[in-house]
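According to Swiss-Prot:
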- 1-27: topological domain 'Extracellular' (TOPO_DOM)
- 28-48: transmembrane segment (TRANSMEM)
- 49-63: topological domain 'Cytoplasmic' (TOPO_DOM)
- 64-84: transmembrane segment (TRANSMEM)
- 85-102: topological domain 'Extracellular' (TOPO_DOM)
- 103-125: transmembrane segment (TRANSMEM)
- 126-134: topological domain 'Cytoplasmic' (TOPO_DOM)
- 135-155: transmembrane segment (TRANSMEM)
- 156-160: topological domain 'Extracellular' (TOPO_DOM)
- 161-181: transmembrane segment (TRANSMEM)
- 182-211: topological domain 'Cytoplasmic' (TOPO_DOM)
- 212-232: transmembrane segment (TRANSMEM)
- 233-249: topological domain 'Extracellular' (TOPO_DOM)
- 250-270: transmembrane segment (TRANSMEM)
- 271-300: topological domain 'Cytoplasmic' (TOPO_DOM)
- 301-321: transmembrane segment (TRANSMEM)
- 322-333: topological domain 'Extracellular' (TOPO_DOM)
- 334-354: transmembrane segment (TRANSMEM)
- 358-378: transmembrane segment (TRANSMEM)
- 380-400: transmembrane segment (TRANSMEM)
- 401-431: topological domain 'Cytoplasmic' (TOPO_DOM)
Amino acid sequence: MEQFSTSSSESSDSSSEYSLEFYMDTSWVLDAANLVFFMQAGFGMLEAGMVRAKNTKSILLKNLINTAICAISYYCVGHSFAYGKVNPNSFVGFGNFFLMDYTHYAYWMIQWAYAATATTIATGAMAERLQLHCYILFTLVQTILIYPFVAHWIWSQNGWLFDLGIVDFAGGAVIHIVAGITGACGSFLLGPRIGRFNQESGKPKNLPGHSVVLMSLGAMILWYSWYGYTAGASLGMTRSRVLPASRVSVVVTLSGATGLITVLGIGKIFNGHYDLVKGINGLIAGLVSSTSSCAYIEPWAAIIIGFIGGIVYWFSSWALLNWLRLDDPVDSTAIHLFGGCWSLISVAFFATHGRVRNPDIILPGGIFYGGGISLLWVQLVGMVLAILWAGFLSGIFFFTMDYFGKLRVDVDTELAGLDNSNHGGSAYIFD
């Protein structure tokens, strides 16, 4: 993000506060932040549709709590660890706690929305069996200890991965890999939902969500919001950022559409029908797949990236369920962890020469543009370190909660549904 523009709202000096350019860029960032925040509604509808009716209230409350707690914790500490300007180092930012001596509020807004998105994605993988207070504590851990450090390494101009030359325009690693691996750790330690696997054969059994209508609505909200989420990472619409921000929107459109069509086609080949739920996930996988590269590639490359992203999603989803017995009700691990990895790697192949970073720091293009493998190595290092950091810390957290019996709800609560047991009754009332 900072790597894209040296004139971002975070680095603007006071002399430009009253310029037209400053107002236009700030307005752009605020509008984009609003769209990124609106992704919470998209994930809420998507996840509500993917869980069973008896857990609808639970999943919606989870998203509201995640967003609210993330706002407070990111305001107090999280943003400081990511972008604090008082004696920062290559490992972590420092200073500006509680936004003291910090006036780049538009930049804070979009960064908070990104952090909240990473937390919401992760907790979806643990739906229908995680205790509510564990959601709350995990949100604090994710927003204070996990997400800000990776964001600092990759997006801050002081970060050490930034100095190595990593390229992650809109968060393939910072958001999606972090969210995917933390959700996977939680889901793995929770274990599968009751009835997810046949007790005799061990084969997975279908536990379908209760509303494809909510899923479809959520998917369309996410697709719409993705334009603010990705194009907003340009941090402005003036000078040299106008064309890249526009190209980002085209790239995201093509990669998402290709991911959807690819997964629908695979489903027709293997299952004999077009699977709406898988198609929705393919759409999101396609969107995720272009997140790191969308500012640096040609539109034709977006189709290839979305196509491969759809394939990666389909087979990783199957392998996680059938080989690892990982019960992820919303498939967020396959979509975001594997999609985020592919997103980060794809930059090293398809990035065009001269677009990577800002005009003052030109890096070689991707392998297909004669750039060699130097960028690929940097991308792989960033991918591995994001997985290790987020996986290690979240693993310790969930293991500790499990050790003290505070991770999973009891059997009776799970069978009755979290809505009836913990939230005052069903989300649906029929006279």
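Note that Cβ sites are derived from N, Cα and C of the backbone, with glycine treated the same way.
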(Q) Check for me, if you would, whether the transmembrane segment (161-181) reaches the transmembrane segment (334-354) - at least 3 Cβ pairs under 8 Å, residues 6 or more apart in sequence. (A) yes
Summed over the topological domain 'Cytoplasmic' (49-63), the DSSP helix, strand and coil counts are 13 helix, 0 strand, 2 coil
With the cut-off at Cβ under 8 Å and a gap of six or more residues from its ends, the chain residues touching the topological domain 'Extracellular' (85-102) are 75-77, 79, 108, 148-149, 152-153, 156, 158-160, 163
The recorded stretch from 28-48, 135-155, 250-270, 301-321 sharing the largest number of CB pairs under 8 A with the transmembrane segment (212-232) is 28-48
Ranking 28-48, 135-155, 301-321 by Cβ pairs under 8 Å to the transmembrane segment (250-270) puts first 301-321
Tertiary contacts of the topological domain 'Cytoplasmic' (182-211), defined by C-beta under 8 angstroms and 6+ residue spacing from its ends, are 48-53, 56, 121-126, 128-130, 138, 142, 146, 277, 321-322, 324-329, 332-333, 336-337, 390-391, 394-395, 398-399, 402, 407-408, 411, 414-415
